[in-house]
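**Student:** I have a structure I would like to understand better, so I am pasting it below and will then ask my questions one at a time.
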Amino acid sequence: MESTRKRTQHSTNGKPSEHTEQPAQWGRAWEVDWFSLIAVIGLLCFAPFIVFYFVMACDQYQCSITQPLVELYGGQTTLFTIWDRSPSFTWSAVKIYAIWVGFQVFLYMCIPDVTHKFIPGYVGGVQDGARTPAGLVNKYEINGLQCWLITHALWFANAQYFHWFTPTIIFDNWIPLMWCTNILGYAVSTFAFIKAYFFPTNSEDCKFTGNIFYNYMMGIEFNPRIGKWFDFKLFFNGRPGIVAWTLINLSYMAKQQELYGHVTNSMILVNVLQAIYVLDFFWNEAWYLKTIDICHDHFGWYLGWGDCVWLPYLYTLQGLYLVYHPVQLSDAHALAVLLLGLVGYYIFRSTNHQKDLFRRTEGSCSIWGRKPTYIECSYRSADGGIHHSKLMTSGFWGVARHFNYTGDLMGSLAYCAACGFGHILPYFYIVYMTILLVHRCVRDEHRCGNKYGKDWKRYTDAVPYRLIPGVF
Ligand code: NDP
């Protein structure tokens, strides 16, 4: 199913160069090799246990990830004992989770965005997504910031005035809630899988590899929807996981207060730095329509289960760790973490902003006080249309090809370093983000290489490093 395209090439100064034929590849792979297949089956079977292992290690072993293994190896415990000691499924957790997801669906579907009318500079309301492989441009109701604000206003109103539930509710039900998130994660992935075969939203944007496991994991439909507005990717990518992220951290903070009578500076740092990241996500939700998750990934278990389970449980490990180990950092350590987090965030945001500005103005803008330099490219989409694009070679995009990932990694390291150096568990996040973003970088470059052909080669010659100049 690879389409062939004829491209007009341009040099760095925008002049056209020779014509060439190249295969165009969109989204994820069309064919699955044995290695990918084994990895996919392994992840489908074991990923829920990885999440369980980390949370269980905190619950039963004070966040030591080696102690359970040592005890299992030494025969002091068994898998059944660990399983028996873990809190199980409860109906009260089901009730909490159902209310939570139902409320987020209600906010997403029933309250059109009004915040963009009075918050200067914020882009919300109905926005266009990127062009899909079949050449469609979907419309999205961007109201994530509003949902986040309403949810958090209610959270604080409850803590301060209403007292319907204790702010430690999330921590107190953390393992029973994991059952519920897994049920939703697998249910939504399975539903999306069946829907793709029997009633796809747009059949031309579906991708079948012929391998059922790969299709299930990486998704078939590009933009599954129910009705005109319920978009699976936008909903599950942002809410309920990312809206919950800051609430989960607040619940950990409340638990620290309850257990020790005070909140540590490390907990405040984790809450503040991660809240900046989450708020940035919602402030730029319209922009996220143009990122890889929405533009190129199909909706399957990877996004569905990942957004429901992996993200809320593993992105919040630092706060969970700090409930068990209330680390009070020295002023110098706290300041270093804050600086690393803020500089990382600045690089992440500025790099993304530079590309956005550059693409929006088609290069007619100023980057670091100068007109940006770029390589002009053209490509053919699956519907046969020829499109033109530009790859910037100045600003942060001239420093490295994915300097936004570098900033993201600096921020991620700051969250981990806020937990001190007592245990490995809080550092899982930086290890995971490094693997995720390096893999994403390679995946994206493979796709761009196929899409732009020789123009991509000219770009990689002009900007030779991916993440760290001179190193990688
Ligand atoms: P990018 O925002 O880096 O987008 C990559 C795309 O940008 C490419 O596919 C290409 O698309 C275009 N592009 C590449 N180089 C150039 C250039 N020089 N000039 C102009 N356009 C270019 O990637 P993501 O969508 O992955 O990431 C968005 C942000 O989200 C990142 O900052 C990342 O750190 C963050 N992120 C965070 C995650 C988390 O879990 N915390 C997970 C994933 C991402 P085209 O086909 O249009 O040319």
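Using N, Cα and C of the backbone, Cβ positions are placed for all residues, glycine too.
In case it's useful when we look at the structure, here is the feature table from TrEMBL:
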type     : residues : note
REGION   : 1-24     : region 'Disordered'
TRANSMEM : 34-56    : transmembrane segment
TRANSMEM : 89-111   : transmembrane segment
TRANSMEM : 259-279  : transmembrane segment
TRANSMEM : 299-317  : transmembrane segment
TRANSMEM : 329-348  : transmembrane segment
TRANSMEM : 412-438  : transmembrane segment
**Student:** Any contact between the transmembrane segment (259-279) and the transmembrane segment (329-348), i.e. 3 or more CB pairs below 8 Å with pairs at least 6 residues apart?
**Tutor:** yes
**Student:** If we skip the immediate neighbours and take only residues 6+ beyond the ends of the transmembrane segment (34-56), which ones have a Cβ under 8 Å from one of its Cβ atoms?
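**Tutor:** Those are 65, 68, 82, 86, 174-175, 178, 182, 211, 213-214, 216-218, 301, 305, 309-310, 313-314, 317, 320, 425, 428, in sequence order.
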**Student:** Is the transmembrane segment (89-111) packed against any residues at least 6 beyond its ends, judged by a Cβ distance under 8 Å, and which are they?
**Tutor:** 141, 143, 146-147, 150-151, 169, 173, 176-177, 179-181, 184, 229-230, 235, 239-240, 243-244
**Student:** Between the transmembrane segment (329-348) and the transmembrane segment (299-317), are there at least three Cβ pairs closer than 8 Å, leaving out pairs fewer than 6 positions apart?
**Tutor:** no
**Student:** Residues of the same chain, at least six outside the transmembrane segment (299-317), with any C-beta under 8 angstroms of its C-beta?
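**Tutor:** Sequence-distant neighbours of the transmembrane segment (299-317): 44, 47-48, 51, 54-55, 178, 181-182, 184-186, 188-189, 192-193, 215-224, 232-233, 236-237, 240-242, 244-245, 248-249, 252, 274, 293, 425-426, 428-429, 432.
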